[in-house]
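Enquirer: Just passing along the structure, written as structure tokens.
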């Protein structure tokens with residue numbers, strides 16, 4: 001009985017590769033996706049091409065990869081900047097500006113704070129003339145003249 005290089009007792013192929021007998025009687029391995037090498041002994045590094053964007057960390061897997069995204073990014077390749085303004089965090093008419101992994105509120109006159117949630121007390125600087133009484137109001141003030 002002739003020697004079969006692909007007999008299970010002698011099969012040189014690894015990782016469930018298909019063993020093929022060449023015309024010269026030697027074995028050749030047809031690798032499954034994700035492996036390479038003469039005996040399919042090398043796990044192909046799918047991260048070598050740098051598929052992850054925005055400083056995402058590539059995790060090599062068998063015949064695939066995944067990206068571990070930096071805060072503020074999402075998507076298969078970390079290509080999507082998460083819009084932190086989607087939740088509408090700015091109050092009192094503040095305009096939200098989306099930044100990387102954070103946001104900034106541009107507050108309208110009369111308000112301040114990270115979320116434009118704090119009212120400026122305009123009466124602290126005594127803006128009223130002729131001894132009028134200053135009444136602080138949300139986003140502004142009112143002067144009440146004395147009788």
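The chain as shown is numbered from 1 upward.
Just so you know, glycine gets a Cβ as well, placed from its N, Cα and C.
What you see is a predicted model, and the numbers here were worked out from it, not measured in a lab.
Feature list, courtesy of TrEMBL:
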DOMAIN    2-41  domain 'EGF-like'
DISULFID  31-40  disulfide bond
DOMAIN    43-79  domain 'EGF-like'
DISULFID  69-78  disulfide bond
DOMAIN    81-117  domain 'EGF-like'
DISULFID  107-116  disulfide bond
DOMAIN    119-147  domain 'EGF-like'
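So where do these features actually land, and what's packed around them?
Expert: Below 8 angstroms of C-beta separation, residues 62-64 of the same chain, each at least six residues beyond the ends of the domain 'EGF-like' (2-41), sit close to that stretch.
DSSP assigns residue 31 (disulfide bond) to coil in the three-state reduction, placing it in neither a helix nor a strand. Taking Cβ-Cβ distances under 8 Å and a sequence separation of 6 or more, the neighbours of residue 31 (disulfide bond) in its chain are 13, 15, 17, 37, 40.
The average pLDDT for the domain 'EGF-like' (43-79) in the predicted structure is 96.
Cβ neighbours of residue 69 (disulfide bond) (same chain, under 8 Å, six or more residues apart in sequence): 52, 54, 56, 75, 78.
The DSSP breakdown of the domain 'EGF-like' (81-117), given as helix, strand and coil counts, is 0 helix, 13 strand, 24 coil.
Around residue 116 (disulfide bond), a 10 Å sphere centred on its CB holds 22 further CB atoms from the protein chains shown.
Using DSSP to sort the residues of the domain 'EGF-like' (119-147) gives these counts of helix, strand and coil: 4 helix, 11 strand, 14 coil.
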Enquirer: For the domain 'EGF-like' (43-79), give the DSSP counts of helix residues, strand residues and coil residues.
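Expert: When I sort the residues of the domain 'EGF-like' (43-79) into the three classes, I find 0 helix, 13 strand, 24 coil.
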